[in-house]
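J.: The feature active site, proton acceptor is assigned by TrEMBL to H70. What TrEMBL records for D71, V74, G76, D78, S80, E89 is Ca(2+) 1 binding site. The substrate binding site annotation in TrEMBL covers P162. Residues or ranges marked as heme b binding site by TrEMBL: H192. Positions annotated as disulfide bond by TrEMBL: C39-C115, C72-C77, C121-C321, C199-C233. According to TrEMBL, the feature signal peptide maps to 1-27.
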Amino acid sequence: MASGHSSHMLILFTFLLLALSASLVHGQGTRVGFYSASCPRVESIVRSTVQSHFRSDPTVAPGLLRMLFHDCFVQGCDASILISGSNTERTAGPNLLLRGYEVIDDAKTQLEAACPGIVSCADILAIAARDSVVLTNGPSWVVPLGRRDGRVSLASDTANLPAFTDSVDVQKQKFSALGLNTQDLVALAGGHTIGTSACRFFQYRMYNFTKVGNGAVDPSIDSSFLPQLRALCPQNGDDSKRVALDTGSPNRFDTSYFTNLRNGRGILESDQVLWTDASTKTIVQRFLTGLSFNLEFGKSMIKMSNIGVKIGNAGEIRKICSKIN
């Protein structure tokens with residue numbers, strides 16, 4: 001009984017800390033309870049929509065988490081990733097495999113029926129990403145709201161998205177440019193505890209790692225893991241085949257992603273280097289114990305979802321998330 005009580009207190013404490021960190025970011029323009037009078041059911045509508053899509057296709061969870069990340073890193077968190085059309089962000093290389101658009105569209109349709117013209121697509125995406133993490137057994141956090149939707153979406157603006165070949169220094173630069181520190185970088189990379197990657201994004205590490213020499217293997221890959229990886233992604237096989245980013249528990253939000261990095265089993269080069277670089281390794285080591293990671297992930301998500309938000313008269317509230325009004 002005592003242990004049940006202490007775990008309840010721990011959950012409560014975590015929730016209070018996340019609520020506190022949420023209140024700290026309202027200075028950036030968003031705030032908790034933004035729709036409490038204008039659209040009080042916003043969170044329950046988004047949550048039930050995400051749950052219903054997740055039940056029929058669990059891959060929407062990592063998809064929505066990734067989508068928020070890719071949205072916020074380009075033009076800020078303004079749902080510019082959702083706009084369809086030629087040369088929009090959606091058409092850029094790093095975004096071609098994003099998924100979950102239909103979940104946001106579905107939630108938007110329901111919200112337009114409940115409270116027309118009130119809730120932004122950017123806020124729907126921020127809530128949906130949080131709900132996705134919760135559905136995969138991850139932490140919850142309070143999402144400050146009040147973002148407005150952007151009117152600009154250009155494929156050419158996606159050049160600064162973190163890439164799978166980025167060194168730690170390059171990753172730190174890209175995060176720092178948006179006000180995120182090294183701990184945020186490692187915490188947010190931990191989102192790779194759910195989801196998959198196509199073989200084409202890491203195949204070169206097993207057959208042609210040019211940083212060592214043509215035809216070489218990336219020396220940071222655990223040698224006992226190599227045959228397993230090669231079986232999943234043969235040299236001349238289908239490079240669009242999907243492989244779990246977190247070997248062992250790809251559908252569960254946990255710390256095994258960090259355990260894999262320690263064991264040389266990170267799938268993407270940009271993930272594995274977090275273990276080989278001293279400045280990030282110490283943070284990975286700390287996150288190997290679950291509580292710290294869950295708490296810091298929630299705080300970093302709140303920070304990230306406040307990058308370059310449009311408030312007041314900036315932007316608009318889109319009627320259809322894939323189209324500018």
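Cβ atoms are placed via backbone N, Cα and C, with glycine included.
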J.: Let me make sure I understand the structure: which of the disulfide-bonded residues listed (C39, C233) has the fewest other Cβ atoms within 10 A of its Cβ?
T.: C39
J.: Provide the number of Cβ atoms within 10 Å of the Cβ of S80 (Ca(2+) 1 binding site), excluding the reference atom itself.
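T.: 27, counting other Cβ atoms within 10 Å of S80 (Ca(2+) 1 binding site).
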J.: Between S80 (Ca(2+) 1 binding site) and C72 (disulfide bond), what C-alpha distance do you get in Å?
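T.: Each residue's Cα considered, S80 (Ca(2+) 1 binding site) and C72 (disulfide bond) end up 9 Å apart.
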J.: Which of the listed binding-site residues (D78, E89) has the least company, meaning the fewest other Cβ atoms within 10 Å of its Cβ?
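T.: Ranked by other Cβ atoms within 10 Å, the binding-site residues D78, E89 bottom out at E89.
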J.: Excluding D71, V74, G76, D78, S80, E89, please set out which residues of the same chain place their CB within 8 Å of the center of the CB atoms of the Ca(2+) 1 site, keeping sequence order.
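T.: Same chain, not in D71, V74, G76, D78, S80, E89, Cβ within 8 Å: H70, C72, F73, Q75, C77, A79, I81, G150, S153, D157.
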J.: Among the recorded positions V74, C121, C199, which residue has the largest number of other Cβ atoms within 10 Å of its own Cβ?
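T.: By the 10 Å Cβ neighbour count, C121 comes out on top.
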J.: Take the Cβ of D71 (Ca(2+) 1 binding site) and count every other Cβ within 10 Å, whichever protein chain it belongs to.
T.: 29
